[in-house]
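According to TrEMBL, the feature region 'Disordered' maps to 24-64. Feature annotation from TrEMBL assigns compositional bias 'Basic and acidic residues' to 25-38. If you look up TrEMBL, you'll see HIS232, HIS282, HIS344, HIS510 marked as Fe cation binding site.
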Amino acid sequence: MPKLITTTASIARLWPRRFGTNRTIDGRDLRQRPNLNRDHRHPRLAESSAMTASDVPTRPAPVDMSRNPFLTGVFAPQRDEVDAVDLPVSGEIPADLRGSYLRNGPNMRFDPIGSYVYPIDGDAMVHRISLDGGRASYRNRFVRTPMVLTEEAAGHAIWSGITDGYTPSAAEVGDELAGTTRELPDINIVRHGGRLLAMAEADRPYQLAPEDLATLARTDCDGAMFVGSTAHPKIDPSTGEMVLFNYVLEAPYLTWAVVGPDGRAIRTPTPVDGVDAPIMIHDMALTSRYVVLFVCPLIFDIESVMSGGSLLSWQPRRGTRIALIPRDGTAVRWIDADPFWVWHFANAFDNPDGSVTVDYVEWTYPGGFSDQPTPAASSLTRAVIRPDAGITKTVLNSSEPDMEFPRIDDRMLTREHHRIASVAKGPRDSGDLDSLWFHDLAAGTETVWTPGAAIGEPIYIPGAERDYWGAIGTDPTDMTSHFYLLSADAPQDGPIATVDLPIRVPAGLHGAWLPDPS
Ligand SMILES: [Fe+2]
């Protein structure tokens, strides 16, 4: 992955655009804060207030897609939007299984210009596989942001990637969109409080229509996300609350918030005390007592950016700091640890002795954001955090197969879970993430299923009598995509049903199982 060499315009994308409004965080008036997206535009744009057509900055050249592994092969963008019913099925879909498997991911609407950095750049496409009565159907749709709509009217890309700093002028896209960067609600999809949300990194999500995946509007979830949100909020099954955090580039740097089960904000963005630098945090964990944030030393380096350097700086001397944020709003507990990096958590739960158990994928450092002599390596890890005595860690996997995307039965979030499924490199080591690894922590077993396909994040699917795991994979030899349904009791035996999807589904990011509410 290339370094994130960027400019102020790219910072603007990561900046909470809601600063500059008359909203407040925890009583703090934010009106005086700069809105980089408007006030700190790229220098070329800043010169453009009296711009004529001949002065319009030159649009960047097309990206050579053939040279980018994340724009070719199983990652190549899919431009078709289709609806298909009665899909071919090998095996048998249980007749009582009703619901939809949804998955989001980067998928450029038009061939990119300027630059393209996976997984940060990209328009969003949501894929849905619906199961009902033993039959399967499929629908996919782009999330139609103003950028996608404007580019569709033009017939080509107008906004560039995050690393080259180009933003379109008013002459190209009108006053409202001039100086903006591409909105990227392409990371996750979450249903909560009556909303179906396409989630972005540190930004507001887009609300989709559940019946047809049409894009409705951007939302801040009743103000809980007005500064933005992680793409990985957590829903507490016992309370129905959705808890989230967000990072920003200026103090207070880090906030958390809560949305009630009715979709109304219970807690608006609240600063996390004790953060002294702009940090990147991708995911979070949640227990009944705590919001758990691992503050790893990946720092937004503004001085570096201003001199043409990298946006993100790995600073291991800072160590990793763990924040246990009481959900009752009392003081944050901080625990220091040696430096490591985390993209994704599986789950966390409280122990009777006051400690907190957290299962997650631990990386030695964030590959792509730091030059180190050895490749970044990951392990499925269990940490037990004692607020007064530090952290103890146990590696759960028996080898180091570059694990990622750990998931559990989401009904067990905040409580002790037994099953974790992850994506990893399999025994045949094709170079891709081509296997699903299953850990049963109660039984003490580790099993692997390697489908012969590039495989995506596994999602737990509760059934009426039995439970399942579901995942999408693409066979790199013929580029056909399939939805695999595996028994949660014996996933290593392979799918009980394989659904042939009507189009290739690009390798993507995160998804959810939505049981039919009826
Ligand atoms: Fe993620």
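Glycine is treated like the rest: Cβ placed from N, Cα and C.
Any TrEMBL annotation is an automated prediction that lacks curation.
Mapped onto this structure are the features recorded in TrEMBL.
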residue	record	DSSP class
HIS232	Fe cation binding site	coil
HIS282	Fe cation binding site	coil
HIS344	Fe cation binding site	strand
HIS510	Fe cation binding site	coil
CB contacts for HIS232 (Fe cation binding site) [other CB atoms within 10 A, all chains]: 21
All-chain count of other Cβ atoms within 10 Å of HIS510 (Fe cation binding site): 23
CB within-chain contacts under 8 A for HIS282 (Fe cation binding site), separation at least 6: GLU201, THR230, ALA231, HIS232, VAL342, TRP343, HIS344
Count of other CB atoms lying within 10 Å of the CB belonging to HIS344 (Fe cation binding site): 21
Chain-mates of HIS232, HIS282, HIS344, HIS510 with C-beta within 8 Å of site centroid, Fe cation: ILE187, ASN188, THR230, ALA231, ASP283, TRP343, PHE345, LEU509
